[in-house]
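Chemist: Would you mind keeping the following structure in view while I ask a few things?
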Amino acid sequence: MATLLRSKLSNVATSVSNKSQAKMSGMFARMGFQAATDEEAVGFAHCDDLDMEHRQGLQMDILKSEGGEEGGEQPLEGDIHYQRDGTGPLPPSGSKDAGVCSELSGQGKPKITAWEAGWNVTNAIQGMFVLGLPYAILHGGYLGLFLIIFAAVVCCYTGKILIACLYEENEDGEIVRVRDSYVDIANACCAPRFPTLGGRIVNVAQIIELVMTCILYVVVSGNLMYNSFPNLPVSQKSWSIIATAVLLPCAFLKNLKAVSKFSLLCTLAHFVINILVIAYCLSRARDWAWDKVKFYIDVKKFPISIGIIVFSYTSQIFLPSLEGNMQNPKEFHCMMNWTHIAACILKGLFALVAYLTWADETKEVITDNLPSTIRAVVNIFLVAKALLSYPLPFFAAVEVLERSLFQDGNRAFFPNCYGGDGRLKSWGLTLRCALVVFTLLMAIYVPHFALLMGLTGSLTGAGLCFLLPSLFHLKLLWRKLLWHHVFFDVAIFVIGGICSVSGFIHSLEGLIEAFRTNAED
């Protein structure tokens with residue numbers, strides 16, 4: 001009797017605690033502090049792939065509590081989990097498969113509001129890589145500003161049509177969600193002949209983008225530290241090595257719980273830094289070089305600017321997970337509209353005022369143009385943000401690689417890198433350390449922020465944001481599309497393909513030239 005009473009009191013206490021947390025979560029959400037940040041958005045992309053085997057054929061359902069049998073408590077509103085045929089939960093949050101996904105995708109927590117979803121998208125497309133946008137204006141003038149607007153419109157549209165590919169009409173004429181991830185959409189387009197080809201292509205693109213993001217963080221850390229303390233006898237390569245030494249413990253990460261706590265603080269600090277840069281530029285408004293902004297194109301470097309701008313808008317990879325976790329998915333279109341309008345305005349203003357301030361002296365990372373008295377402080381904050389941001393894309397890339405090469409059942413290329421006790425084996429640790437060293441080598445031999453950003457945007461950014469969504473939309477829903485939708489999809493595919501190829505070629509040429517120069521030195 002005493003045991004039963006203690007159990008009942010424990011259930012009541014847990015229920016009260018959960019309800020209290022839900023209320024506090026809602027309060028902070030309305031204040032703008034609940035949703036995940038730009039780095040946590042990478043976790044959504046990561047979950048798209050890692051949970052594919054769980055999420056195919058899954059449906060959202062409300063789990064019954066352990067005492068949900070006769071006389072038990074009903075689950076709390078918003079306590080949502082994925083279930084297979086509605087019969088059981090996913091692996092526990094402490095398991096390796098659940099890891100980041102349960103933490104970032106909201107398993108066991110109330111579903112997110114449209115404002116929270118908008119916060120995710122805003123931070124995904126307003127991260128620290130906007131620091132390269134003034135450099136894009138340098139080589140494109142007013143056309144670069146137009147491209148910032150055009151990329152926002154196209155990415156908003158392709159995000160919507162990508163979500164449309166998740167739904168189909170059932171026998172009763174109702175629109176139902178039959179897919180859960182970007183990988184599911186890609187596999188559906190390649191079925192029945194190549195049922196897994198599309199997913200593999202998306203996975204490869206995702207790994208490339210995540211690894212390149214890690215490389216960019218190392219490059220920008222070395223660049224910022226070198227330009228902050230030019231009088232020290234330390235080269236940019238040496239600063240990159242020091243940054244990588246700090247990042248080496250990432251190879252031992254088992255989860256991102258400790259790191260993700262700093263995400264919101266880092267993002268808020270970055271917004272403050274952007275405001276400081278704009279404020280300094282406005283203080284020099286009398287000296288703005290309006291005559292330098294023209295309708296011209298640097299044929300050799302403008303395609304690189306296209307990649308930079310596209311990369312700054314990449315968010316499509318995690319949108320299916322985000323939309324699936326919204327309380328009201330019907331608000332997704334409205335959320336996409338205002339987030340991309342806000343991003344377009346802020347990016348355009350930031351890029352324009354920064355370029356007007358420094359004109360032809362605009363550098364790849366705009367904070368390098370600041371006076372030395374301000375530059376050191378701002379750059380140190382940015383380096384701290386870059387170093388704290390690195391573990392999230394790194395961990396996501398490692399998980400995708402481990403799942404593809406070591407954990408894919410009988411199709412795995414190598415033995416499982418985890419022992420029966422869950423500990424990482426030697427070759428698993430070697431893989432992680434090799435990935436950290438690879439990012440360092442790339443940062444040392446090609447320490448060019450704009451070139452790397454342009455290459456990534458042209459290769460994976462344009463593919464995931466322009467080419468694949470329009471292609472999938474035409475393939476899966478072509479019978480129901482209106483003529484203007486078909487026209488938009490074809491136009492985006494063609495324009496995106498041209499921009500992707502030209503930007504990739506010019507970025508690759510620049511990287512090869514830079515690699516040769518560094519090798520000779």
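Any Cβ shown, glycine's included, is placed from N, Cα and C.
Here's the feature list from TrEMBL:
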DOMAIN    111-507  domain 'Amino acid transporter transmembrane'
REGION    65-99  region 'Disordered'
TRANSMEM  143-167  transmembrane segment
TRANSMEM  207-226  transmembrane segment
TRANSMEM  262-282  transmembrane segment
TRANSMEM  302-322  transmembrane segment
TRANSMEM  334-356  transmembrane segment
TRANSMEM  376-401  transmembrane segment
TRANSMEM  429-446  transmembrane segment
TRANSMEM  452-474  transmembrane segment
TRANSMEM  486-505  transmembrane segment
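Quick one: how deep are these features, and who are their neighbours?
Modeler: Through the fold, the transmembrane segment (143-167) approaches residues 125, 133, 136-137, 175-180, 182, 184-185, 188, 295-297, 302, 305-306, 309-310, 312-316, 319-320, 323-324, 332-333, 336-337, 340-341, 343-344, 347-348, 351-352, 465-466, 469-470, 472-473, 476-477, 485, 488-489, 492, 496 of its own chain, all at least 6 residues removed from its boundaries and within a Cβ separation under 8 Å.
Note on the transmembrane segment (302-322): residues 41-45, 47-48, 105, 112, 117, 120-121, 124-125, 127, 129-130, 132-133, 135-140, 143-144, 147-148, 151-152, 155, 158-159, 162-163, 166, 179-182, 184-185, 202, 206, 209, 340, 343, 347, 450-451, 453-462, 464-466, 469, 499, 502-507, 510 of its chain, located 6 or more positions outside it, place their CB under 8 angstroms from a CB of the stretch.
Within its own chain, the transmembrane segment (334-356) is flanked in space by residues 114, 117-118, 121-122, 125-126, 130, 133-134, 136-138, 144-145, 148-149, 152-153, 155-156, 159-160, 274, 277-278, 281-282, 288-290, 292-293, 312-313, 362, 366, 369, which lie at least six positions past its ends and keep a Cβ under 8 Å from the stretch.
Below 8 angstroms of C-beta separation, residues 129, 132, 154-155, 158-159, 161-162, 164-165, 182, 185-186, 189, 202, 205-206, 208-209, 212-213, 215-216, 219, 303-317, 442, 446, 481, 485-486, 488-490, 492-493, 495-497, 499-504, 506-508, 510-511 of the same chain, each at least six residues beyond the ends of the transmembrane segment (452-474), sit close to that stretch.
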